There are 2 protein chains.
Amino acid sequence: MFYIVGIGPGPGYITERAIQILQEVECIFYEDYTGPLDVATLRRYARVEPVKLARRDLEDESGRKIFECLQEGKKAALVTAGDPMLATSHAALITLAKAKGYSVEVVPGVSIICAAFSASCLSIYKLGGVATVTYPRGGVYSVRPYELVEQNLARGLHTLLLLDIRDDGVFMSPRDAAEVLLTLEGRERRGVFTRDRRVVVVSKLGWGGSVLYAPLGEIVQSEMEGPAVFIVPAGLNPVERECIKTFSK
Amino acid sequence: MFYIVGIGPGPGYITERAIQILQEVECIFYEDYTGPLDVATLRRYARVEPVKLARRDLEDESGRKIFECLQEGKKAALVTAGDPMLATSHAALITLAKAKGYSVEVVPGVSIICAAFSASCLSIYKLGGVATVTYPRGGVYSVRPYELVEQNLARGLHTLLLLDIRDDGVFMSPRDAAEVLLTLEGRERRGVFTRDRRVVVVSKLGWGGSVLYAPLGEIVQSEMEGPAVFIVPAGLNPVERECIKTFSK
């Protein structure tokens with residue numbers, strides 16, 4: 001039996017079912033390269049010492065260590081931050097496990113994608129897609145956030161922007177993200193990410209973080225730390241407008 | 001202090017933070033008209049007997065009973081299924097509580113919106129919006145699901161369809177939902193909800209339910225019960241296609 005378990009975006013979000021599995025299985029693996037894993041909570045409930053896996057273990061080696069455990073007839077769990085499937089590439093692992101004849105249970109966790117809407121009282125019904133703000137790779141900036149937000153603004157839809165994780169595991173700060181977006185505006189010049197574009201910043205959810213609604217020109221000077229996500233709202237309805245005011249700066 | 005707490009889509013999904021609050025507050029209210037509340041779990045952790053509120057208590061009377069508790073200087077929690085903000089109209093309540101000077105903490109829970117994507121290994125990055133399949137009211141069918149899915153299919157985006165809850169609290173079954181969609185096709189005739197349109201059905205998540213990928217023509221003959229949601233997928237990538245096969249009928 002192979003469990004793939006999300007324990008939420010930060011302390012306090014682990015679910016009853018996740019706890020039950022951590023107390024039951026003989027092998028526990030975790031990864032923290034797709035999100036900010038709450039390792040203290042994981043250790044508090046784990047029946048055995050959790051083993052950290054790197055991206056190469058899961059992708060290049062197709063989760064070999066997990067399958068070694070399963071082959072011995074033991075139960076194994078792979079633990080991730082947030083929801084285990086939404087922002088990760090673990091779907092291939094599930095397909096592989098099923099092809100090898102193992103039962104698989106996915107244990108959904110609180111995802112930052114849904115929780116960011118919940119924390120900012122914006123309507124997820126108007127989510128028009130998700131993109132990631134990335135550091136330039138080899139000097140090249142991804143224009144995907146610019147194009148998606150541009151389309152969604154025209155359609156009155158909100159856009160969720162995830163922020164990059166550096167190769168050394170550091171989460172992009174809201175300031176760095178604002179800087180990337182302003183740089184994109186400097187190149188594209190279609191008025192999407194001007195300094196007065198107001199965005200919602202949900203930072204460090206579950207880790208004593210905050211929700212803020214402020215212009216990019218202010219966020220680029222802020223000291224907030226990651227992990228964080230941005231929501232670029234469009235076409236606010238009266239309830240959203242009233243509620244979001246309470247986070248405004 | 002006013003807490004608004006989601007305990008997830010079914011048994012096993014309650015979080016550590018939600019449990020902590022239920023053991024701390026002096027007044028506990030809940031509503032089950034926006035989703036399938038796991039009342040057994042709520043009672044197991046509640047320090048005081050939970051009081052059920054109807055839609056009229058929260059909307060017409062603006063949560064009067066909750067504010068009566070808060071006015072006595074006590075801490076109060078309003079508990080909902082899923083995430084407390086995503087599919088409900090409780091944002092107005094938060095705005096009101098803040099206007100009255102109370103501190104508010106939203107405790108995000110596992111939402112069916114995110115969990116349905118997680119359970120079916122479809123990419124939420126391609127979510128193009130959410131609509132609700134409703135029973136006809138006064139003989140009139142809402143064409144919103146038809147129009148949204150039509151737009152999203154053209155753009156290669158997935159659509160999440162929530163299913164109606166009848167006024168007597170019964171959740172629409174997948175069969176009834178398929179029947180509504182086929183009826184819409186009979187009227188609109190643009191090929192969106194044909195009998196061979198394959199959709200993902202996530203039913204009774206956390207309540208021993210299942211995930212199925214099948215044509216509407218089969219779902220309309222199925223015996224699955226609600227609560228359930230549909231995802232109408234578009235533009236599957238290779239990982240999604242492989243993974244979704246494992247649920248296919």
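Note that Cβ sites are derived from N, Cα and C of the backbone, with glycine treated the same way.
Packing around A:Ile112 (S-adenosyl-L-methionine binding site) is summarised by its Cβ count: 30 other Cβ atoms lie within 10 angstroms of its Cβ, all protein chains included. Residues annotated as S-adenosyl-L-methionine binding site in Swiss-Prot: A:Asp83, A:Leu86, A:Ser111, A:Ile112, A:Leu163, A:Leu205.
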Local backbone state of A:Leu163 (S-adenosyl-L-methionine binding site), from DSSP in three classes: strand
List of the binding-site residues A:Leu86, A:Ile112, A:Leu163 facing chain B, defined by a Cβ pair under 8 Å: A:Leu86
Lowest local Cβ density (other Cβ within 10 Å) among binding-site residues: A:Leu86, A:Leu163, A:Leu205: A:Leu163
A:Ser111 (S-adenosyl-L-methionine binding site), number of other Cβ atoms within 10 Å: 30
Neighbourhood of A:Asp83 (S-adenosyl-L-methionine binding site) by C-beta distance under 8 A, where only residues 6 or more apart in the same chain count: A:Gly6, A:Pro108, A:Gly109, A:Val110, A:Ser111, A:Ile113
Greatest inter-residue Cα distance in Å for the S-adenosyl-L-methionine-binding set A:Asp83, A:Leu86, A:Ser111, A:Ile112, A:Leu163, A:Leu205: 17
